[in-house]
Amino acid sequence: MNKASKYRENNLITYSKNIFIPLTEICKNDCGYCNFKKTPDDPSAIILKTKEEVLASLKEAERYGCSEALFTFGEDADEEESVQQKLAEFGYENIVDYVFDICKMTLEETSLLPHTNGGNFSYESLKKLKEVNASMGMMLESTSVRLMNTVAHNKSPGKNPEIRLKTISNAGKLKIPYTTGILIGIGETKEEIADSLLAIRDLYDKYGHIQEVIIQNFTTSPGIEMENWEEPTFLDMVRTVIAGKLLFRDTDVSIQVPPNLNHDTAQIFLLCGADDWGGVSPVSPDYVNPTSPWPTLDELNRLTQDAGFELIERMCVYEKYVNDKWLNETLLEKIANLS
């Protein structure tokens, strides 16, 4: 633990004050651990938010001082007829074009910076979305092909590690500041955890676009297929966070641990080398983990200070990427005006 923590550049722990906006809860994947996906026949499902609904949420986020608009949606949601119908009603042929305009609206009509996470995208779609996103992201989750034959991923073609690695690689080729990470406790082995972290390190070494690596622990909840699955132990998380920090010790890549999934143990992970809490919202729930509420910002500050660190707010895009090598003029001007 001490060895991992000593590689810190400073005593700062960062977070991004965001709003979490699910544009649709429809998804082609059906992961055994998922709390996000809903089916079209579910009366509570978000089929597709309107621009007016999104803008109202963004304006509320502005009042709370948020700087990041996190747009999430199920992978290839526009393959579902109900989403297709909504898109056609709104005048669109596909969800990427719609998301592009949502992000453009965010830049033009609010003070927030868009960060899109919608699963795998083609090279062409990533290239388009790069123009209106300060950063993007997608969890690698695991490089284990074996998990494709287990309850975790056997109904989720988009979780094929080859496809996900290609998406993250294409983001690097396009110089998109990118957030990724791994999910532990879904049936992977320690060797597969190591392989997943090494794959992310390889992509960072090749393209330099990985700005943070999330170490996320599976948490069970009622109603999911893996409801009775055993969660990873505290020691599993400690080992993985330390391994991640040591693997990226010679870089400025942040190691992130979600505080809402580790309320009673979060401070320990700071001592293991984690240096980022990720996005924390004062205005919206964590739709991916709805049974795990965010800590308040006051609570987050107390947790951080009590562990001997200083909490500071950051943008969704890390400072090192705020230049014309990574961002276009529109985004750079937007960020300059926010400073």
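Cβ atoms are placed via backbone N, Cα and C, with glycine included.
What Swiss-Prot lists as domain 'Radical SAM core' is 13-258. On the 0 to 100 pLDDT scale, the domain 'Radical SAM core' (13-258) averages 98 in this prediction.
Annotated [4Fe-4S] cluster binding site per Swiss-Prot: CYS27, CYS31, CYS34, in sequence order, evidence recorded as sequence analysis. In the three-state DSSP scheme, CYS31 ([4Fe-4S] cluster binding site) falls into the coil class. Long-range Cβ contacts of CYS31 ([4Fe-4S] cluster binding site) within its own chain (separation 6+, distance under 8 Å): LYS37, ALA152, HIS153, LYS155, SER156, LYS159.
Excluding the listed site residues CYS27, CYS31, CYS34, the same chain places ASN29, ASP30, TYR33, PHE36, LYS37, GLY74, SER156 with Cβ atoms within 8 Å of the centre of the [4Fe-4S] cluster site Cβ atoms. When other Cβ atoms within 10 Å of the Cβ of CYS27 ([4Fe-4S] cluster binding site) are tallied across all protein chains shown, the result is 24.
In this view, CYS34 ([4Fe-4S] cluster binding site) is surrounded by 18 other Cβ atoms within 10 Å of its Cβ, with every protein chain counted.
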